[in-house]
Amino acid sequence: MRVFRGEVTTLPPDKSISHRAAMIAALSEGTTEITNFSAGFDNQSTLGVLRNAGIVVQQEEVQGAHGRTMRRVVITSNGLWSFTPPTAPLQCNNSGSTMRMMSGILAAQPFQCTLIGDASLMKRPMKRVADPLRQMGATIELSPDGTAPIHISGTKELRSLEYRLPVASAQVKSLIAFAALHAEGETRIIEPLQSRDHTEVMLGLETIVKKDERIIVVPGQQRIAAKPFFIPADPSAACFIIALGLLARGSEIVIRDVCLNPTRAAYLDLLAEAKAGIGVDNQRVIGGEIIGDILIDNLNGIEPLHISDPQLVAFIIDEIPMLAVLSAFATGSFELHNAAELRTKESDRIEALVVNLQRLGFACEQYPDGFVVKKRTEVPQGKVTIESFDDHRIAMSFAIAAQATGEALDISDIEVVGVSFPNFFSLLEELSSEA
């Protein structure tokens, strides 16, 4: 029987914080050092867009804690209006975070530019990007069906506004905040449910918490002084390693220096409620973010996961694919509601999960905002083809199931894991052992 044991010190740096650190550095006056920047394709796309829009970006490898090699990024800027007109469309590849959040910055620059991406990104909805920026005074043009390319005619005369987000979205909240930094006056962003709050934490923005909403206050045209950033390990990447340990009985794994921001690590509480053998140790605060070690000691398995609370869904939206596959394989059951946002990710993740789980013999039923796994009616004989839909989280979720259970799965376009987890397979090999 295959089990997984060891100490993980090479988990990818947090993708969300890496994006934001680079963008905030480009808006700051002076030189910013970002330690432990992500090597994932998405974060490298952000650096590429910054370079091609005139920002000085340097990247090098340095020795860090636990003897690991990490990336240090150094970004030099003169402040809010340091960008220059690009000579070609800005390529975001597969990174929706890059395309959406950079739109907010570029809408405030006095030139025209275009943001493009790969085939998957060019299908994703961008109207939610255009609407607030148009209200602030930028000219934004999309394709007829509301997708990229995003053509931006920016202006230094952006207006502040009060904007209520129609759905919880950390990317849309952040792009408005980045645009608002350039505007005259004070902007207020109202979110009905809390989304990940890295932008507020990193910029030190005031947040007003009311009964049914949160208000983020962004003062306009404030000087941002360069400051260093340290990027902790990505909790979304940690979820895959946790699932690996929980699916393979007898596994013992420690994951070091993981971001435990409550808006990112809520899935840990969910798993604890399901009687999963996990714990947290060595908690501390670095750069405003809670960081700690996650311990996995799997002796008893877990109970089925049923997810419906809208706030919880907003917090764990990226981890749902892995949690669904984990619950299905470990218990034969899973239930999800209020997660329609999953249909607008790198793939329609509800459809992708249901299609692949059905191929593996699970009885599933999907709804507009979720799906249910009722039971496993058969275990297919021989190798089963899994369709990744060119989505890194779908590919990794089923790869974890294959590694932990020994089932033979042939996953299409498996190289897509490099979007967020370049050392995914090498890390699994390091942890693998025979019981």
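One is the number of the first residue shown, and numbering goes on along the chain from there.
Just so it is clear, glycine is given a Cβ too, placed from its N, Cα and C backbone atoms.
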Swiss-Prot annotation, phosphoenolpyruvate site containing K15, G96, Q171, R349, R393 - matching residue among R68, R124, R196:
R124
Taking the residues the record says bind 3-phosphoshikimate (K15, S16, R20, S169, Q171, S195, D318, K345), how far apart in Å are the two Cα atoms that sit farthest from each other?
19
Looking at the recorded positions K15, S16, Q171, D318, whose Cα is closest in space to that of R124 (phosphoenolpyruvate binding site)?
Q171
When you rank K15, R20, S169 by Cα distance to R393 (phosphoenolpyruvate binding site), which of the binding-site residues ends up on top as the closest?
K15
